[in-house]
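Below is one structure; the comments refer to it alone.
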Amino acid sequence: MTLAELLPSVGMTGEPALETGLWPLGTRLERGELLLGGVPATELAARFGTPCQVLDEGTVRARARAFREALPEAEVVFAGKALPCREVYRWVADEGLSLDVCSAGELAIARSVGFPAERVLLHGNVKTPEDLKAALGYGVGRVVVDSFDEIEQLGALAEGPQDVLVRVTPGVDPRTHRAVATGVEDQKFGFSLAGGDALEAVLRVVEQPSLRLVGLHCHVGSQVRHVAVYEEAARRVVGLIASCGVRIEQLDLGGGFAVPYLPGEGEFDLGGFAHRVRVALSHECALRRVPVPRLSIEPGRAVVARAGVTLYRVAAVKRGVRRVFVAVDGGMSDNPRPALYGSRYAVRLVRRGGRRAPVTVVGRHCEAGDVLAEDVPLPEDVRAGDLLAVPVTGAYHHALASNYNAVGRPPVVGVRDGVARVLVRRETEEDLLRREV
């Protein structure tokens, strides 16, 4: 099979239609212009420079509501690590979501916008004393404990009954990239169910007078496409509930709901998930004669990924022996996911069509592995100065950005109803030097 057969748009002329399911809700083409939140992409690039991470507020809010509507009886917790940004935390708070944070830094962002403390969960396999003290000082609703050492430390620091959940490793294969498979045995997260550590952790929490066990937590992985994985995790954790002899009020199944990054990749079946997990939970609890706990879920990527689009300016085009390289003014400092996980993206040239051929889009950094997208169809006459748009960049882009090669991180620009505003400003050379002594 040829590349043209694999990528039907290769060789076509004219401007391609927007790929279904990849762009923010309401994105449209108007007289050749790509409109994001009603704002032309060319205007965004001119006003805010490139690279520029654009975030559509309406899409974030709509995705948050979709989870609440699918599971109205459950607690929906936004995984704050996906996009730690004050405005995003405000938006999800407005939509009734709770928030999980993994550090005193993420908690500081939540505090700065007055996020209700009772709706905050503290996560992480390592929580420093500073993290725990910050959480206790703010009065976070729950702490998800992840090690025996942490149970002792938290028990010693907490002055009153602090609600906790025990993170369980259910031993379920999520069928995803090994770097984000967190529910399998023999890895750093949680207490092993099969090895007996999970039951021991429950008993140790109960023994701590300053801690109150309210629930169990598990997270099977990221980019999980199969609902059956969550069903099996729920069944296994209910088995622990039945054996521990302690009333468990909450069962948090974590997040990891897959989103499409490329044309043709399907959406996660949220409706099917809601129905099948309810049935599995009810059936297993009835079978084991334990009360059905309240369900919690923690979508992060599934709330913000599609809301994001990154704009890059083409800096150079090089024609190699076998490939055409299109080099842009960003790269692995604003998107390390291709280097970390082999992630793939679609790319669009803004405001110009033409006959297309496969190219490799590469970044500006001093690494051969700084590749943003391979074998993507772009117009054959792509040239320096062109504007490229990459969709599905709302999750783990701003969060994972670095200063490699002392390059400042790009801004995050929010768009809604034809209005654009800076949510996080571009990092400057002065910012980079400020920490030097």
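Heads up, residue numbers simply count up from 1 along the chain you see.
A Cβ is built for glycine as well, from the same backbone N, Cα and C atoms used for every other residue.
The model shown is predicted, which means the values in this text are computed figures rather than measured ones.
In the three-state DSSP classification, Lys81 (N6-(pyridoxal phosphate)lysine) falls within a helix. Long-range C-beta contacts of Lys81 (N6-(pyridoxal phosphate)lysine), restricted to its own chain and to partners at least six residues apart, with a cutoff below 8 Å, comprise Asp100, Val101, Cys102, Glu106, Gly300, Tyr396, Ala399. The N6-(pyridoxal phosphate)lysine feature in Swiss-Prot is assigned to Lys81.
According to Swiss-Prot, the feature pyridoxal 5'-phosphate binding site maps to Gly256, Glu298, Pro299, Gly300, Arg301, Tyr396, an assignment based on sequence analysis. Tyr396 (pyridoxal 5'-phosphate binding site): 23 other CB atoms within 10 A of its CB, across all protein chains.
Here Swiss-Prot flags Arg301, Arg337, Tyr341, Glu367, Tyr396 as substrate binding site.
Per Swiss-Prot, active site, proton donor is recorded for Cys366. When secondary structure is read from DSSP and collapsed to three states, Cys366 (active site, proton donor) falls in the coil class.
Same-chain neighbours of the pyridoxal 5'-phosphate site beyond Gly256, Glu298, Pro299, Gly300, Arg301, Tyr396, judged by a C-beta within 8 angstroms of the site's C-beta center, are, in sequence order, Ala79, Ala82, Ser222, Gly255, Phe257, Ala302, Val303, Ala395.
Under the three-state DSSP scheme, Tyr396 (pyridoxal 5'-phosphate binding site) falls in the coil class. With respect to Cβ neighbours within 10 Å, the binding-site residues Gly256, Pro299, Gly300 differ, and Gly300 shows the lowest count. Reported as a whole number, the C-alpha separation between Arg301 (pyridoxal 5'-phosphate binding site) and Tyr341 (substrate binding site) equals 15 Å. Taking a C-beta cut-off of under 8 angstroms and a sequence separation of 6 or more, Glu298 (pyridoxal 5'-phosphate binding site) has the following same-chain neighbours: Val77, Phe78, Ala79, Asp100, His219, Asp252, Leu253, Gly254, Gly255. Listed binding-site residues: Arg301, Arg337; maximum Cβ neighbour count within 10 Å falls on Arg301.
Fewest Cβ neighbours within 10 Å among the recorded positions Tyr341, Cys366, Glu367: this applies to Cys366.
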